[in-house]
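Take a look at the structure below.
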Amino acid sequence: MSDTIFALSSGALPSGIAVVRLSGPAVRFVVETSAGKLPKPRQATLSALRAGDGRVIDQGLLLFFPGPASFTGEDVAEFHLHGGRAVVAAFLGFLGDLPGLRLAEAGEFTRRAFENGRIDLTEAEGLGDLIAAETEAQRRQALRLAGGAFRERAEDWRRRLIDLRAHIEADLDFSDEDDVPDDLSHEVGVGIANLRKEMERELSAGQRGERVRDGLEVVVLGPPNAGKSSLVNALAEREVAIVTDIPGTTRDLLEVRLDLGGYAVLLVDTAGLREGGDVIEAEGIRRGRARATAADLILWLDENGNAPPQDVLALGVPVMRLRTKADLAGISEGVKAVSVRDRTSVDRLLDLLTREVASRLGGESPLVSRARQRDCLSRAVAALRNAEGKALPAEVVADNLRQAGDALGRLTGRIDIEEVLGSIFSTFCIGK
Ligand SMILES: Nc1nc2c(ncn2[C@@H]2O[C@H](COP(=O)(O)OP(=O)(O)OP(=O)(O)O)[C@@H](O)[C@H]2O)c(=O)[nH]1
Ligand SMILES: [K+]
Ligand SMILES: [Mg+2]
């Protein structure tokens, strides 16, 4: 019999209300001990909440969700206490002293929901993303995943794969090996190609999904003293980076998270690019370049409006050129100008960046948003490609379809999941 787990599932104390959640076989016993009797399922019930020795710890709401129709699939209870530190400490102390009860590990409620078949792995990932979501686009995407959109899609694909295999296997039973009726093999070929195309569409949308989830990375590059750190501070509206008139002030990479029109952006300040300087600065410059290599956008800042050097252009990352310190010089045509002394110009730049980010990340929330999901789906696509060759023996086609199905099984967590489970659920917070 599994342990009964409990945790403070709501946020930091003190708070108006604190929700302590329990799941497992001892839940009924705990509820009866504390509230005197089991309340009606799924109905909030006000009750004195007592410790094992009968003393009242708090007066609060209690909810009881009998398994298997609960979040975890087991008996679950929620105690809504007053969110004082002493109240919660006393209640958790009472629970911890009961036999068979222990504090939940990070993500353990969700893990039980998965293990009891209440949700699949993509829904569990969606729940984790929903809790981590900081922007509107992240919330929408996570909610779609948590609501089962990817699971439904993957199940549909799996059913179709099974149908296709059934066709092929029926065929193997009834005909000589090299004598597959043309119309049937044609039908199967079309079915495989359609599946592959649908999966490929989701994979390419997934590049957007991963950016929405992780944030679009914008790296600020330019010569020393171009005003990079000043602009980063102005865009973030906080003094994140040190600004001085000494060239070579910034050495470490500095990351700032921005919410631009509901999209997460990671803005990275870097050391000014130049030859020479001391070892510390040289290392800073090396890190800045390396970071820019993987960026989604480079903001190239220069107070004269000069273009970036060839080695920056050669990175192949889109570049937005900006002339800085526009308050000091006249208008220069062709290059957008900004001055941190002129808030309107900073706001205009924010608008421009927001439009740029929205044009890249906007649209319906993609299903794929993690490397793990991308990896599983890529394997399925590769297997389908291998099944599409002309004049392949039916056994080879069937075997590749089976492999594609296995890849989808790994995606939803039907098979081969032990090695990924730990890494997925350990990123959750305790109480989820
Ligand atoms: N007049 C004016 N001065 C600015 C503007 N932006 C930055 N500066 C000044 O330019 C100097 C350099 O600014 P920083 O933001 O430190 O420049 P940086 O590119 O981060 O410099 P490094 O980190 O050393 O590469 C500071 O004295 C800033 O006050 C601007 O828009 N107008
Ligand atoms: K500087
Ligand atoms: Mg700087």
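Numbers run from 1 along the shown chain.
Note that Cβ sites are derived from N, Cα and C of the backbone, with glycine treated the same way.
All protein chains included, Lys432 ((6S)-5-formyl-5,6,7,8-tetrahydrofolate binding site) registers 21 other Cβ atoms within 10 Å of its own Cβ. Under DSSP, Lys432 ((6S)-5-formyl-5,6,7,8-tetrahydrofolate binding site) is assigned to coil, being neither helix nor strand in the three-state scheme. What TrEMBL records for Arg21, Glu78, Arg118, Lys432 is (6S)-5-formyl-5,6,7,8-tetrahydrofolate binding site.
Secondary structure of the domain 'TrmE-type G' (215-358) per DSSP, as helix, strand and coil residue counts: 44 helix, 33 strand, 67 coil. Residues annotated as domain 'TrmE-type G' in TrEMBL: 215-358.
Under the heading K(+) binding site, TrEMBL lists Asn225, Thr244, Ile246, Thr249. The C-beta environment of Thr244 (K(+) binding site), restricted to residues of the same chain at least 6 apart in sequence and closer than 8 Å, is empty.
All chains included, 23 other C-beta atoms sit within 10 angstroms of the C-beta of Thr250 (GTP binding site). Feature annotation from TrEMBL assigns GTP binding site to 225-230, 244-250, 269-272.
What TrEMBL lists as Mg(2+) binding site is Ser229, Thr250. Taking a C-beta cut-off of under 8 Å and a sequence gap of six or more, Ser229 (Mg(2+) binding site) has these contacts in its own chain: Ala241, Ile242, Val243, Thr249, Thr250, Leu254, Asp269.
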Neighbours of Asn225, Thr244, Ile246, Thr249 excl. site residues, C-beta within 8 Å of centre, K(+): Pro224, Val243, Asp245, Pro247, Gly248, Thr250
Position of peak Cβ density within 10 Å, selected from the binding-site residues Asn225, Thr249: Asn225
Entries of Arg21, Asn225, Ser229 (binding-site residues) sitting next to ligand 1, with Cβ under 6 Å as the cut-off: Asn225, Ser229
Under 8 Å by Cβ from Glu78 ((6S)-5-formyl-5,6,7,8-tetrahydrofolate binding site), same chain, sequence gap 6 or more: Ser9, Val19, Val20, Arg21, Leu22, Leu62, Leu63, Phe65
Binding-site residues compared (Arg21, Arg118, Lys228) - the one with the fewest other Cβ atoms within 10 Å: Arg118
Listed binding-site residues adjacent to ligand 3, that is, members of Arg21, Glu78, Arg118, Asn225, Thr244 whose C-beta is under 6 A away: none
Cβ-Cβ neighbours of Pro247 (GTP binding site) (radius 10 Å): 15
